[in-house]
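Novice: Could you have a look at this structure, given as structure tokens, before my questions?
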Amino acid sequence: MVTKIWSSCMPKPSSSPNRVERHHFYLCQWQSSTQVGICYLLYRLIVAIVFLAMLVCSVLDIGRAEPMFEHHYAKWWIYLTHWALLACTIQAWLAAIIVTKGLMIDRNEFEWNIHVARESRLHSVYWIAYTIATVYSFIVTIVYWMFVYDPSKNRVDAVNLMVHVLNSIIMLIDLTIVGHPIKLNHAYWTTGIGVAYALFSIVYYLAGGTDRHNDSSIYKMLDWTKPGKSIVICALGIFAVFLMHFLCYCLYCLRVWLYARVCVQGNNSKSSSNEKITSITRTLSSMEEAQRENFLNPTAVVDLK
């Protein structure tokens, strides 16, 4: 088990698990066909619209009941909650664009080969944004309700519920539906965001910045007037991000295991052995190299290093 985890964190160049078949990004985990589904596209569009609405409500304080101070709109961007919400919105719209283009490719509405290089970059950006959004949605929800929420200061209004509850619900549903993997060795993206936010909070404090209530610290638990405590909090927070990334990876493995047990073994009498292997390996990273379907150019891969 330890060897497998280590191999996933430190892949060999000859068999890098960073290379994922492109059509994983077009298909739902639970669909049986290799055609881009209209229902899946509608789901992606609905999620994108919902996240955009959440972002607009958060920025403009639509549905917020908390009392505000002067210039509070200009301080929207200083919160990790809003960084995560922005990542959720970006990945949702990129996913909608990718699946839409996948449907067009599947129906031969434009030439695939012309778009290979550009599509690879688009898929990589989406993959990064999706991983960050998934991990930090859960982190934001857990940390906020356990350590940040103060009934005397924070009100449970529509905006609060959207950015601290609904975001995690949507990303959890998404994690059970999408056809592409979560990679352990992509933890440097999620932990890197944690390091970046810690450095930002230091710089913001030294520059004399305040939160939306004109307090000297962005979060009470991250008070740089007490640097020793804040450094420990940052270190523990970054470690918690890695643990959450690992948990998301485990949920991805569980999703693929359930797919193999429920959808594949349930159709033993109807499927040949080759078809069963193809179905299982559509998203399972350890078996991806065994799949070579003639769908959306099977030699085209997304390589995220």
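Glycine is treated like the rest: Cβ placed from N, Cα and C.
A TrEMBL annotation is a machine prediction, not a hand-curated record.
On a predicted model such as this, the values are computed, not experimentally measured, just so you know.
Residues annotated as transmembrane segment in TrEMBL: 41-63, 83-104, 125-147, 159-179, 186-207, 230-252.
Structural setting of the listed features?
Specialist: If you look at the transmembrane segment (41-63), the same-chain residues 6 or more away from its ends with a CB under 8 A from one of its CBs are 28, 72-73, 76, 82, 85-86, 88-89, 92-93, 95-96, 99-100, 103, 157-159, 162-163, 166-167, 170, 174, 177.
Panel annotation: around the transmembrane segment (125-147), residues 20, 25, 80-81, 83-84, 87-88, 90-91, 94-95, 98, 163-165, 167-168, 170-172, 174-175, 178, 180, 182-183, 186, 189-190, 193, 221, 237, 240-241, 244-245, 247-248, 302, 304 of the same chain, lying at least six beyond its termini, place a Cβ under 8 Å from a Cβ of the stretch.
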